[in-house]
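**Q** Per TrEMBL, the feature domain 'ABC transmembrane type-1' maps to A:67-270. The transmembrane segment feature in TrEMBL is assigned to A:20-46, A:66-93, A:105-128, A:148-171, A:192-213, A:219-242, A:249-273.
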Amino acid sequence: MEPPLRPRRRFRQPSVLPGFGLTLGYTLTCLGLIVLLPLAALVVRASGLGLSGIWEVATDPRVASALRVSFGVSALAALTASIFGFLIAWVLTRYEFPGRRIVDAVVDLPFALPTAVAGIALASLYAPNGLVGAQLAKLGIEAAYTPVGIYIAMVFIGLPFAVRTVQPLIVEIDREIEEASATLGAGRLHTLTRVVLPPLIPAVLTGFALAFARGVGEYGSIIFIAGNLPYVSEIAPLLIVIKLSEFDYGGACAIATIMLGISFVTLLAINLIQAWSRRRFGYV
Amino acid sequence: MTGSTAIRVENLSKTFDTAAVLHDLSLDVRAGELLALLGPSGSGKTTLLRIIAGLDFPDRGRIVFGAEDATRLPVQQRAVGFVFQHYALFKHMSVADNIAYGLNARKRSERPAKAEIKRRVGDLLDLIKLSGFADRYPSQLSGGQRQRIALARALAVEPRVLLLDEPFGALDAQVRKDLRRWLREIHDRTGQTTIFVTHDQDEALELSDRVAVLAKGRLEQIGSPDEVQEAPVSATVLKFLGDTIEVEAIAQGGEVRVDGRLTPVTAPAGLVGPVKLYARPWQLQFAESHEAHLHGTVRSSYRSQGRQRIEVDRPEGKTVVVEASDTARLPAGRPVGLRILAGHVFAG
């Protein structure tokens, strides 16, 4: 009698493309060397201050205000980018119009542009004597040198993420499900909100997370337009640079660690919502 | 069972880009009937169905529902049930939500109460024999089950007409057969006016009360399955309804001769001179050389379901398929004579 076959390892499943061990090992090594090691070094450096030291930095009014500006404006900008990005992706995939491919290529420009160039361009546009800034000033809106400027820069750099994450899914929408919805008597708004949008939510959230993360980490394009007034329009990354130039390495690392912590928790939360929505609306 | 005209299609024409898909097509659909739109791909049958549904609009012509001109009526207000070849279920909704979709989409004032919707979904699930599946998602179901859900979803809104676009096209042979029978049953029970598109003659002949044969955007013939098979109006209809053998013949005074020999086929009055005679594989019989209309040599033969199909090469290069009872096998290369027992003639 042959012994019954016993499942040996739970992770490994026979497949056409084997190589679980190799790929996992390689992935972990790369992730460790390239991502985790520098982050660990950062945390180690910051821990020189001790928990109380870090807490002291975090509760410093100027630091706290900078963190609020960074994360608050990023979230708002990512939200805006998600909505506009969705509309742009929709228009680019759903409709044929002259110049569509050019517009499609333009979407990627914020990816490629050196951030300082973007910053200078935005600053000159939105400054009180700039093309757009002058018009806004008439309406009593000060864009440059306020959090509004930071918001504009973050939307600018976050937009490509929002567009590119939803675009492939919009392409794949089966037009027949829209027709099915219409034959069942549903109006356009009902079709859009009940049939078309729900399956796209996970992708929209991915775009939001990417735009948010990019906004939090952005430096170059913001400092030119932000004005960098402490307590008003100073972002956390700039504060880090200021600390560094004052040779306060511990303080810089402490702020960086706090940013890292908040970012991680936020992105994890978005990922969890995404996983939930994918189960709920996605591929089931 | 079938009665007054439910839908009238009048002089419909439709052009896509530059290619015309429908030419001046008229058709009446009777209340309560199961009508098949049969035609090869490119015959315009799906376009016609979509125009009736309001998913496409004609260049010319009218669609009349009962007494109401529906030509410009938007799809949402037509009260049609449409079933797509690839189901088009809402993947992010459970089976119950899919079926209830049309009811939930109604304006608050016209929407049935929650309990009523639930009851109706339950009834429909019973009807399609998927009672335990209310909370499943479409991706957890087989193709045949998905198509049944799609049908229930379309029936839930109590449509004036049910439109099915190649409903079994994406399913495998056995499931297709079961679903056909089941659709016929549902139709008999509900009496729902139904139009379905198919390119499968068997499906059309088995299922429908009447068959409309379309070719190149025109209606060739409409009639009961018996009528279109016994009295096809054109060679196109005849050829599309099954395998045919095409033979050169001469008509004179109602008589039809092949190779100088009289056949039992009669020609319609007025058809004189060289004509084409069409026969089905079972309308030929092996015969002695002196009474045969056709001659040839056996190329190959195979047996299937109690019948034998023999391929015969004719001297002029054509191959004909003959169906005979499953008796002795004929060896390849043997010369044989064939006698025509029945058929139809049309002008060459």
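Using the three backbone atoms N, Cα and C, a Cβ is placed for every residue, glycine included.
Since we're looking at a predicted model, the values are computed, not measured.
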**Q** Out of A:105-128, A:148-171, A:219-242, which stretch has the largest tally of CB pairs under 8 angstroms to the transmembrane segment (A:66-93)?
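**A** If we count Cβ pairs closer than 8 Å to the transmembrane segment (A:66-93), A:148-171 scores highest.
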**Q** Taking residues 6+ outside the transmembrane segment (A:219-242), which of them lie with a CB under 8 Å of any CB in it?
**A** 61-63, 65-67, 69-70, 73, 114-116, 118-120, 122-123, 126, 143-147, 149-150, 152-154, 156-157, 252, 255-256, 259
**Q** Hey, which bits of the same chain come close to the transmembrane segment (A:105-128), Cβ under 8 Å, at least six residues off its ends?
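**A** For the transmembrane segment (A:105-128), the far contacts come to 88, 92, 134, 136-137, 142-144, 149, 152-153, 156-157, 159-160, 163-164, 218-225.
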**Q** Grab the same-chain neighbours of the transmembrane segment (A:20-46) for me: Cβ-Cβ under 8 Å, and only residues 6 or more beyond its ends, written as numbers and ranges.
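**A** Distant contacts of the transmembrane segment (A:20-46): 11-12, 54, 249-250, 253-254, 256-257, 260.
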